[in-house]
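Take a look at the structure below.
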Ligand code: NAD
Ligand code: IPM
Ligand code: MN
């Protein structure tokens, strides 16, 4: 029997609740596909800080690096905001994990399930049938650029510094992921940057244009990122694949999540050239609803499905899970974030129950 080694970081806030539902789905995969998941749970984020004084220990990172795929919930929360050294905050643990796994390619698919076309804050006709993919650069840019920090100047006033830096090799490797994804999908790629005000954006545009010569079958266009943000809510179905930097990708993917009905619907896969991928929902730890059985587990479950597809060679199982999500939504099951009149209101665990029933039927 094939055995896969998984490191799981439930994290903080709603993390443990949504990860529990994801793990139930993986148990179904074990039964249905005759595989075994060797699951090692470890600490990441605030819970790791509380236990070890660090948001990610070297041992936990080493364990993650040695696994076949890394699954996580979410990190952070008011308990740690402003109460830990900045470099020890929960979010830094996640950034260290991404950097330590060298997962530079973050795939964030925004797919509108038919049953949720009226759950979006946009008009139904704008989002029905939507299927777009944001390819976000995840290991560079202003998240990691030096110099950074808060300096106190001679006159006693302070300045905050972050630096957007992109080497052309970092741009070309993420551009290639964008082109390859477009080749497998609708053949169209939009590259979003701010080449009108940022040199890093100008270089981004030049490098993406040069890489395009290797992908003559993909139609490339360039869009300034502010216009792109507007176009995503004006006419989202114009997009197939968007490739963009770390910060713009963060913003544009939260925006795109609302096209699907809720932040609780959007999964992600973060991939490196070699080594395990990292799979996490794009949303955060939702402290406002944590511990109340209210969180939507679907983004997490779809993220784990992406792990099956991209890291574990179990694409059929991933497709089955995505289909079960669609069936469950068609049956009317809704967590609070996607609830509408006449639907069946369920909590986190009951949504997991409904999904498992759909998988078993
Ligand atoms: P958030 O994504 O946690 O929540 C934003 C809103 O969306 C909240 O109203 C929340 O209740 C709702 N929401 C999010 N996920 C949901 C789900 N699965 N089901 C139903 N509703 C959901 O963003 P925030 O409030 O800005 O951040 C909270 C904390 O999470 C912060 O500490 C932030 O740094 C952290 N964060 C972590 C990650 C991550 O771990 N990948 C991502 C984003 C934010
Ligand atoms: C995300 C989150 C993270 C990011 C934070 C928590 C570090 O917002 O995964 O989208 O900014 O990348
Ligand atoms: Mn984000």
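Just so it is clear, glycine is given a Cβ too, placed from its N, Cα and C backbone atoms.
TrEMBL lists 98, 136, 226 as substrate-binding residues, and of the candidates 89, 108, 234 the one it assigns to that same site is 108.
According to DSSP, residue 226 (substrate binding site) sits within a helical segment. Residue 292 (NAD(+) binding site) sits 23 Å from residue 254 (Mg(2+) binding site), taking the C-alpha atoms as the reference points. For the domain 'Isopropylmalate dehydrogenase-like' (5-355), the model's average pLDDT works out to 97. With the fewest other C-beta atoms within 10 Å around its C-beta, 294 stands out among the binding-site residues 286, 294.
Nearest by CA distance to residue 108 (substrate binding site), out of the recorded positions 194, 284, 288, 290, 296, is 284. Long-range Cβ proximity for residue 98 (substrate binding site), meaning a same-chain Cβ under 8 A and a gap of 6 or more residues, is found for 138, 139, 270, 278. Proximity of the recorded positions (98, 143, 194, 226, 284) to ligand 1: a Cβ under 6 Å from the molecule is found for 284.
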